[in-house]
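Novice: Per Swiss-Prot, the features are:
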ACT_SITE  E336  active site
BINDING   E202, D286, C390, N393  Ca(2+) 1 binding site
BINDING   V405, N408, F410, E412, E415, D418  Ca(2+) 2 binding site
DISULFID  C350-C374  disulfide bond
DISULFID  C352-C357  disulfide bond
DISULFID  C417-C430  disulfide bond
DISULFID  C429-C452  disulfide bond
DISULFID  C443-C449  disulfide bond
DISULFID  C448-C474  disulfide bond
DISULFID  C461-C481  disulfide bond
DISULFID  C468-C500  disulfide bond
DISULFID  C493-C505  disulfide bond
DISULFID  C512-C562  disulfide bond
DISULFID  C527-C573  disulfide bond
DISULFID  C557-C599  disulfide bond
DOMAIN    199-395  domain 'Peptidase M12B'
DOMAIN    403-489  domain 'Disintegrin'
CARBOHYD  N218  N-linked glycosylation site
CARBOHYD  N502  N-linked glycosylation site
SIGNAL    1-20  signal peptide
Amino acid sequence: MIQVLLVTICLAVFPYQGSSIILGSGNVNDYEVVYPRKVTALPKGAAQPKYEDTMQYEFKVNGEPVVLHLEKNKGLFSEDYSETHYSPDGREITTYPPVEDHCYYHGRIQNDADSTASISACNGLKGHFKLQGEMYLIEPLELSDSEAHAVFKYENVEKEDEAPKMCGVTQNWESYEPIKKASQLNLTPEQQRYLNTKKYIELVIVADNVMVKKYTSNSTAIRTRIYACVNTLNLIYRAFNIHIALVGIEIWSNGDLINVTSAANVTLDLFGNWRRRVLLRHKRHDNAQLLTAIDFDGPTVGLAYGASMCDPRFATGIVQDHSKLDIMVAVTMAHELGHNLGMNHDGNQCNCGGNPCIMSATLNFEPAYQFSDCSRDEHWRYLIDNRPPCILNKPSITDIVSPPVCGNYFVEVGEECDCGLPARCQNPCCNAATCKLRPGTQCEDGECCEQCQFKGAGTECRAASSECDIAESCTGQSADCPTDDFQRNGQPCLNNNGYCYNGTCPTLDDQCISFFGSSKTVAPDVCFNLNLQGQGDFYCRRENTRIFPCAPQDKKCGRLFCVLGPTGNTISCQSTYSQSDLDIGMVDLGTKCGDGRVCNSTRQCVDVNTAY
């Protein structure tokens, strides 16, 4: 990485102190006008790219000179990043725009070890930076002098609405009383290595039709809003060694694809179902958030499912576009994603070093930028107990023509490792100045990396989760654990009570226990005869509003029926259903429906040898 030696600092113009102004961020009561001067790091005669990989700007804050170092967030977009919108006649249009030469940066202030920055350099400098423990915002001024910018503290932005804003989550999903600190978890070496392994979340953001109307159908403005928020989201989650890669956005330009309502819990339920049934079928991703301009009921500005990362339906959240400031919406995104990752709301005992905490139930008027000690411990406990598999899959790295940025924590083309800037790197395996492995080392991190060396071939790196799963072992040639694999579909399991399906052993009894509790068992055949009628909620298939009854041999592949143990001469057939998710209460695919037979995707009971 090219180092720039600043011999003298020459500011173009002395800053101007202003009292009040209307900016894109809102009404600002106290601000400075500054003229950031770019210090080029390019050698003389070198070609000037539109957006350089690294940049430095000089300006004054409170009369004191500062140097802002910026590095392009190369990992912001995945290789298969896509954008989807809808034509006036309802046709789905998906494009794959080039995003390598984007204008979104992370950074720091020179000589301030605790500083951070999230900046868009698309049209001037817009974003925020932390300087000497205080949060500042910067954005261009719409003046004839195009170099003029306003710098101001967040506290000087007039609040649009003084009413409190809150997350809609009202209960915890795990009860650890008291919360065990990380030091009290008695982690095994394997668990500690797992926690230290870099995680990746491939994210899709969906903008609803109210967003389209709010931004007057300006898709560029919507994209810019999303990009800026995810750039900040990425910076926030660096504290957990998690990289957020935006793999796609979808804009409901021709109307909402679900009923987006002011009742946040209803909207979240509908969005989760739509994501599972529709979005996942045409876009691979780990997590999805709905960004809406609708005003949720009460003080709610966001809602998410808890401890649900990688789940097809529940790895979702909804966020209200409630502030003009990108950082405030980004913090709400980070909060809801935190719920997916096992974090509860912070209690009075939780500490952020005197700063606002991201997982506070109430959104502070000052933007939170840190997770509390409680959030850290809850997140680690969730990871250890649940091992969500999707976050270990590294997204594809764009084949970038321009040189990679050494020091941005993201391993890019030509790099062997990247542990951040030399002043912050704490990894003994990596040379932070060159992003190459140190002599004699083989790896930086990974489930098959220990003390900078590949683990020996045959060392187990992922235990089998069930008899239908397969334990993975290191190859001795890579730091990564091989792709998660499982026993062949159709292999008998649970003493021939089921057949393996995608690493699990689905049975009717287990599904009854899941829905109704441990005292329930599968109902007798007479209950399943209701599926032969094809009426109401009892059927095998449904196409739009038309339902199809089960054939006699397929009746145990339709609606699931359960009973509460022996009940004398009376049989009470119990079933469940959901109007918002028609698959709930149906027999799971791959379930045994007879000797040597399983339910297939069309809910037919077929020979297990031909089912897969």
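Note: Cβ is positioned from N, Cα and C throughout, glycine not excepted.
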Novice: How does the domain 'Disintegrin' (403-489) divide up by DSSP, counting helix, then strand, then coil residues?
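Specialist: Going through the domain 'Disintegrin' (403-489) residue by residue, I get 0 helix, 15 strand, 72 coil.
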Novice: Between C352 (disulfide bond) and N393 (Ca(2+) 1 binding site), how far is it from one CA atom to the other, in Å?
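Specialist: The Cα atom of C352 (disulfide bond) is 30 Å away from the Cα atom of N393 (Ca(2+) 1 binding site).
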Novice: On the three-state reduction of DSSP, what should I expect for C500 (disulfide bond)?
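Specialist: DSSP call for C500 (disulfide bond): coil, neither helix nor strand.
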Novice: Where does C357 (disulfide bond) sit in DSSP terms: helix, strand, or coil?
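Specialist: The residue in question, C357 (disulfide bond), is strand (DSSP, three-state).
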Novice: Which ones in the same chain are close to C493 (disulfide bond), with CB under 8 Å and 6+ residues apart in sequence?
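Specialist: Counting only residues 6 or more apart in sequence, the Cβ neighbours of C493 (disulfide bond) under 8 Å are S466, E467, C468, Q487, Y499, C500, C505.
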Novice: Sort N393 (Ca(2+) 1 binding site) into helix, strand or coil using the DSSP assignment.
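Specialist: Going by the DSSP assignment, N393 (Ca(2+) 1 binding site) belongs to neither helix nor strand, so it counts as coil.
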Novice: Average the per-residue pLDDT over the domain 'Disintegrin' (403-489) and send me the rounded value.
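Specialist: Averaging the confidence scores along the domain 'Disintegrin' (403-489) gives 85.
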Novice: C452, C573: which of these disulfide-bonded residues has the sparsest Cβ neighbourhood within 10 Å?
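Specialist: Each of the disulfide-bonded residues C452, C573 was scored; lowest Cβ tally within 10 Å is C573.
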Novice: For the recorded Ca(2+) 1 site, enumerate neighbouring residues of the same chain (Cβ within 8 Å of the Cβ centroid of E202, D286, C390, N393, site residues themselves excluded), in sequence order.
Specialist: Y200, I201, R284, H285, N287, C310, I391, P395
Novice: Listed recorded positions are C417, D418, C429, C430, C452, C512; which of them have CA atoms within 10 A of the CA of C443 (disulfide bond)?
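Specialist: So far as Cα distances go, the recorded positions lying within 10 Å of C443 (disulfide bond) are C417, C429, C430, C452.
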Novice: What's the CA to CA span in angstrom from C512 (disulfide bond) over to D286 (Ca(2+) 1 binding site)?
Specialist: 28
Novice: Rounded to a whole angstrom, what is the C-alpha distance between C527 (disulfide bond) and E412 (Ca(2+) 2 binding site)?
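Specialist: If we compare the Cα positions of C527 (disulfide bond) and E412 (Ca(2+) 2 binding site), the gap is 58 Å.
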Novice: Relative to the Cα of C374 (disulfide bond), which of the recorded positions E336, V405, D418 have a Cα no more than 10 Å away?
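Specialist: So the list is empty; none.
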Novice: A 10 Å Cβ contact count, applied to the recorded positions C374, C390, C468, C527, C557: which residue has the minimum?
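Specialist: With the recorded positions C374, C390, C468, C527, C557, fewest surrounding Cβ atoms within 10 Å: C390.
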Novice: My understanding is the cutoff is Cβ-Cβ under 8 Å with a sequence separation of 6 or more in the same chain; which residues meet that for E336 (active site)?
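Specialist: Same-chain residues close to E336 (active site) (Cβ under 8 Å, separated by 6 or more) are C167, Q289, G302, L303, A304, G317, I318, V319.
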Novice: Of E202, D286, V405, E412, E415, which is closest to C562 (disulfide bond) if I measure between C-alpha atoms? They're all binding-site residues.
Specialist: D286
Novice: Select the closest residue to C474 (disulfide bond) from the following binding-site residues, measuring between CA atoms: N393, N408, E412, D418.
Specialist: N393
